[in-house]
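Everything below concerns the one structure shown next.
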Amino acid sequence: MPIIDVAVPVPLRQTFSYSSEQLVAVGARVKVPFGRRQLVGVVVASRAEPEHSSENDTPVKLKAIAEVLDNSPLFNTTLIALAQWLSGYYHHPIGEVWATLMPSKLRKGALLSDAQPGWMLSEEGHDPKAIAGLRGKKQQQCLELLNQGPLASDEVKAQFSAAVIKALEDKGLIEATLITHPPAGDWQHFTLQQTPPTASTEQGVAIAAINQQPGQFVPYLLDGVTGSGKTEVYLQVIEPVLRQGRQVLILVPEIGLTPQTVGRFERRFGIAVGVLHSQMTDTARLQVWQQARRGDIGIIIGTRSAIFTPLKSPGMIIVDEEHDESFKQQDGLRYHARDLAVKRAHNEQVPLILGSATPSLESLNNALNKRYTHLTLQHRAGGASHTQLKVLDSRDQPLHAGIAQGLISIMRSHLQQGNQVLVFLNRRGFAPAVLCHHCGQSVDCASCERPFTYHKSQGRLQCHHCGASRRMPTQCGSCHSADLQTSGIGTEQLEQGLGKLFPDIAQVRIDSDAVKGKDKLINRLDEINARKYQLLVGTQILSKGHHFPHVTLVVVLDCDGALFSADFRAAEKLAQLITQLAGRAGRANKPGEMWLQTDNPGHPLLQDLINNGFSHFARQALQERKLAQLPPLSSQAVFRGEANDASQVINFLQQVKQCYGVSADVAHGSFIGPLPCLIEKRQGRFRFMLIMQCQQRAALHSWLKHHLKDVESLPLAAKVRWSLDIDPVDFS
DNA sequence: AGCACGCCGACT
DNA sequence: GTCGGCGTGCTC
């Protein structure tokens, strides 16, 4: 009887064998009995006969698989190869790798069918009187449309609102049905909906370079300042790819995926764009996943996990804003979608474009080493001038709402000219701490031991690490003094202070508290560009992908934290943030300026960035990384552990270190730690990390792999929650 | 990870 | 005398 090896979704670094009536294709899902439960796994190997085991081997009796869920492989060979590579590279259990590759419906065992949901007329709906009897014009039109035959829900939705459909369904005039033969995507025969703008010289060079080598793996770093027209380059290079009937996969950061981004691709080519992001329903997700797999859609644009989308005929992969940290998954299988894109493009033999105005040092290093083709766009489209960067020394200056006196007059002059001003502060809430004025004790979150952030609008304290919330106390927890004062400034307070400083100026705050609703962010951004507000206050969100043509002044209030951070990447992140923010201003012939308020005006990082720009800074930073033997000039992995008992975690990580200690000198590797994570305690558990570092990536990996079994069999490994993070980007 | 089995404390 | 605490061990 055939034997099937199955990757089962459990945190065990092995596969499990089952007997089966017939051979099952590798890459198909099966339902299998596992202990006392039934799980959905993926077939990773299938063989006709049990291997002839030597006589003294104890014969294991295999359980039989319960059900074959896919008649043909659900995943093609490149995705199977990708899963295997993931399991090896990230040292992660293969079953869990497969579980993260699958849309949740498939993970739960949903059967895949070619039928897609649609609407058709019910018996009553066929009655001609039904249409006449309807009041709503839209409902009548919808009914007429369906009178011509059943239609996929997607297409009905494109023309009629959900309310119309619901009304007709409630009246019993239409009913849900399944459409078995979905229209074959005819996307390769599009006609351009708009005449592409003439490419600039730089764009032309980039486009020509990319078009020159189609259908093979060539990685490009498209290093273009904000406003230089990277998206136009994407649009022009994907056109010939689409015309050949080959699909394009575009990855974008979590926050950058706005309808505008999608709209730009739809408008140019007039074809449907498949969208994948975390807020979609499972059904919608699976729908796009299937369309991509069948080849029904030509363009797929999505966030991190979209890198796992199956493609029938891949033609190109693009990672936009490739430096963005949201491409790194921070739990479970800690993959980096950008790195994975490189791997996948290689497997699929298609070109790969990594685009950014502020490339990650990893990608820049690869470009400088000629592993990637370096394409640069240094000029802003339409000749808009670059934003002027300046440092404002806030030492010994009176501060109002956290802003130095000198800056306020600069802001005033910009506002008086009718321009918009953007004030950036990466701290939401009213104040980052509440202190007792009597004993100096801060009000801390019990489970994280970090100060609560005060949110005045809710009158509550919020822990920004674990999300815990409590009422504002009336007295100090340790000395019972009633004299509690807020300390520091968050966006909420900044907004209030600016309201007092500029009472006649319309102001808006953009942070995750203020734009919680579904379309709120998009609406606010539209309002800003319609000049409804003149003063914009906000966090991170403002730095990502949105353009503010009327902003002529950007003010950054909290540079100092990043200048002296324990995280060696903090400077890189700050430089990226500042450069991205600077790119938001000074469009449309309005020269912009940007002021960085700091107590350390002479700091070399700030000076380098201001005087020489990001690309010089980045090259300088790479030199420093080289001297310090830090990534990307070395390779890192981090063991993290957390438990209620801090000493248990430290002991565990010490033991991990000992597991590897013997061969450390051989691999020229070293350890840092165990040391507390930057967020030392979260949700009541103490967190520590052990950093492993090697100059050679391959050495690190073989070293890691060699002793991982020893780590797993440590008694403490069962008591401490631990994880392994390859190529970590965040040490919190 | 689940989910069992298993062996010691406060309850009807 | 039981219900239930979570320690330990296994999953083809």
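Each residue's number is its place along the chain shown, starting with 1.
Just so you know, glycine gets a Cβ as well, placed from its N, Cα and C.
All TrEMBL annotations are machine predictions without curation.
The shown structure was predicted, so the numbers you read here are calculated from the model rather than taken from an experiment.
According to TrEMBL, the protein carries these features:
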BINDING   A:CYS436, A:CYS439, A:CYS476, A:CYS479  Zn(2+) 1 binding site
BINDING   A:CYS445, A:CYS448, A:CYS463, A:CYS466  Zn(2+) 2 binding site
DOMAIN    A:211-377  domain 'Helicase ATP-binding'
DOMAIN    A:447-633  domain 'Helicase C-terminal'
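Mapped onto this structure are the features recorded in TrEMBL.
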{"residue": "A:CYS436", "record": "Zn(2+) 1 binding site", "Cβ neighbours (10 Å)": "21"}
{"residue": "A:CYS439", "record": "Zn(2+) 1 binding site", "Cβ neighbours (10 Å)": "13"}
{"residue": "A:CYS445", "record": "Zn(2+) 2 binding site", "Cβ neighbours (10 Å)": "24"}
{"residue": "A:CYS463", "record": "Zn(2+) 2 binding site", "Cβ neighbours (10 Å)": "20"}
{"residue": "A:CYS476", "record": "Zn(2+) 1 binding site", "Cβ neighbours (10 Å)": "21"}
{"residue": "A:CYS479", "record": "Zn(2+) 1 binding site", "Cβ neighbours (10 Å)": "12"}
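A gap of 17 Å separates the Cα atoms of A:CYS479 (Zn(2+) 1 binding site) and A:CYS445 (Zn(2+) 2 binding site).
Other than the site residues A:CYS436, A:CYS439, A:CYS476, A:CYS479, same-chain residues with C-beta atoms no more than 8 angstroms from the centre of those residues' C-beta atoms, the Zn(2+) 1 site, are A:HIS437, A:HIS438, A:GLY440, A:GLN441, A:GLN475, A:GLY477, A:SER478, A:HIS480, A:SER481, A:ASP483. Of the recorded residues, A:CYS436 (Zn(2+) 1 binding site) and A:CYS445 (Zn(2+) 2 binding site) place their C-alpha atoms 15 Å from one another. You'll find the Cα of A:CYS445 (Zn(2+) 2 binding site) roughly 13 Å from the Cα of A:CYS476 (Zn(2+) 1 binding site). For the pair A:CYS463 (Zn(2+) 2 binding site) and A:CYS476 (Zn(2+) 1 binding site), the C-alpha distance works out to 17 angstrom.
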